[in-house]
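The domain 'Major facilitator superfamily (MFS) profile' feature in TrEMBL is assigned to 1-388. According to TrEMBL, the transmembrane segment annotation covers 44-63, 75-104, 139-158, 164-186, 206-229, 241-264, 276-294, 300-321, 342-359, 365-383.
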Amino acid sequence: MNSLLLVVFLISMGSGIINPLMGPLIFSDQGFFLTSSFELKMQAYVLLMGIYAFGNIIGNLVWGVISDKIGGKKAIIGALIGSIIAYILFFISLFSIIFFLFFIGRLVDGLMAGRRTVALSMVSLASRDKLKSFRYFEIANALGLFFGPILCGVLVNFSGQVPLYYYSLPLLIMLIGVVVNIFLILNSNIEKSKSTSKEKFKQTFFTLPLITCYIAFFILQLAWYLYFLAITPYIIIRWKFTPLGVGLFFSLLVFIYIATLLFILPAIKKIMGERLVSIISLVMGGLGMILTGLGTNYYYLFLIFNIGIVMAIACNTPIYMTKIVSLKKDHEQGKTIGIQNSIIGFAWLFAAFIIGYLASSITKLPYLLSGILLMFISLAQALNKEAN
């Protein structure tokens with residue numbers, strides 16, 4: 001299982017590295033767009049985030065199906081080899097200062113992120129306590145987001161005037177990690193159970209409870225990615241954060257995310273129950289989103305709002321992942337979790353388009369919309385007395 005957790009960790013670490021690098025690569029004067037307007041740079045930022053999400057949608061579905069056909073171990077190795085190609089494209093783009101190659105690299109990286117689906121499905125089949133397993137995977141996900149910005153802060157001097165290829169060093173570390181991951185999986189004894197028939201999968205999928213759960217999960221992820229994609233330009237514009245400051249800010253939020261998964265969620269779940277924890281945390285996150293959108297002149301209040309948002313997502317993501325898997329009665333976990341992770345990618349892509357459309361109101365409207373979405377989910381859960 002450790003090698004599977006490393007798969008998720010490296011995917012998230014790549015995302016954690018990209019956010020601090022967006023400052024020098026896109027928004028700085030020595031980046032890809034030397035003399036372009038802020039609007040053009042913002043469009044490029046949204047494009048890079050959106051194309052990764054598009055790749056995620058396709059990749060999760062494709063690798064989920066592939067894993068059911070050839071087995072999880074072979075599928076993960078294939079996706080890891082593909083991610084090496086993505087990093088090679090990143091290196092070439094930074095050394096040649098070609099934005100298009102970086103864009104293609106993001107697409108390939110998104111497609112290969114489907115290895116997360118394979119890893120989750122393998123563990124889901126082997127584990128009896130699925131909520132606990134998904135908490136561990138979310139912790140691995142959060143640790144990747146935590147160490148990614150730290151790695152950038154240690155390896156990169158953001159204050160100096162340097163050539164663009166200087167920022168390839170954190171990506172080189174990631175490439176080494178992918179290669180190590182391949183060898184660990186090759187030398188492990190992990191494998192995935194055989195899947196059941198396609199007909200049984202279709203019968204199980206087209207049930208109202210599962211479709212309803214998928215829709216709620218999409219709304220949750222849409223609210224999260226509206227926040228996630230908007231927060232970097234928000235803190236740069238509103239609070240004048242440096243790239244290093246952006247990295248430290250994300251590291252703080254990821255620390256809160258991990259602490260919630262490790263300690264807070266298990267503790268309050270025993271006291272309140274899963275359904276009540278979900279409703280209360282969604283209300284707390286929704287209020288945090290709305291208050292962030294309304295704005296405050298006090299930085300410590302801004303931090304409190306954001307901590308509440310992150311805690312809400314940390315509580316509800318593994319809860320909904322567990323609900324979706326528990327509603328799947330056959331063993332085609334690759335397809336089921338592939339659809340779930342494709343929903344995440346689609347939410348990311350949809351959020352990227354919304355952020356692009358609301359670029360002129362980046363410090364307000366995305367957060368107000370996210371808050372309304374979280375409040376809607378909490379209200380729906382409160383009204384649904386049959387929910388677990």
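Yeah, the Cβs are placed from backbone N, Cα and C, and that goes for glycine too.
Within the same chain, the transmembrane segment (365-383) packs against the transmembrane segment (276-294): three or more Cβ pairs sit under 8 Å, each pair at least 6 residues apart. With a threshold of 8 Å between CB atoms, the same-chain residues lying at least 6 positions outside the transmembrane segment (300-321) that come near it are 120, 130-131, 134-135, 137-138, 142, 213, 216-217, 220, 224, 227, 231, 239, 252-253, 256-257, 260-261, 264-265, 274, 277-278, 281-282, 284-289, 291-292, 340, 374.
Annotation: stretch 241-264 has the most Cβ pairs under 8 Å to the transmembrane segment (139-158), among 44-63, 206-229, 241-264, 276-294, 342-359. As a whole-number mean, the pLDDT of the domain 'Major facilitator superfamily (MFS) profile' (1-388) in this prediction is 85. Contact counts against the transmembrane segment (75-104), taken as Cβ pairs under 8 Å, peak for 164-186 among the stretches 44-63, 164-186, 241-264, 276-294. Comparing 164-186, 241-264, 276-294 for CB pairs under 8 angstroms to the transmembrane segment (206-229), the maximum falls on 276-294.
Under 8 Å from some Cβ of the transmembrane segment (164-186) lie the Cβ atoms of residues 2-3, 6-7, 10, 13-14, 17, 21, 24-25, 30-32, 73, 76-77, 80-81, 83-84, 87-88, 90-91, 94-95, 97, 148, 151-152, 155-156, all in the same chain and six or more residues away from its ends.
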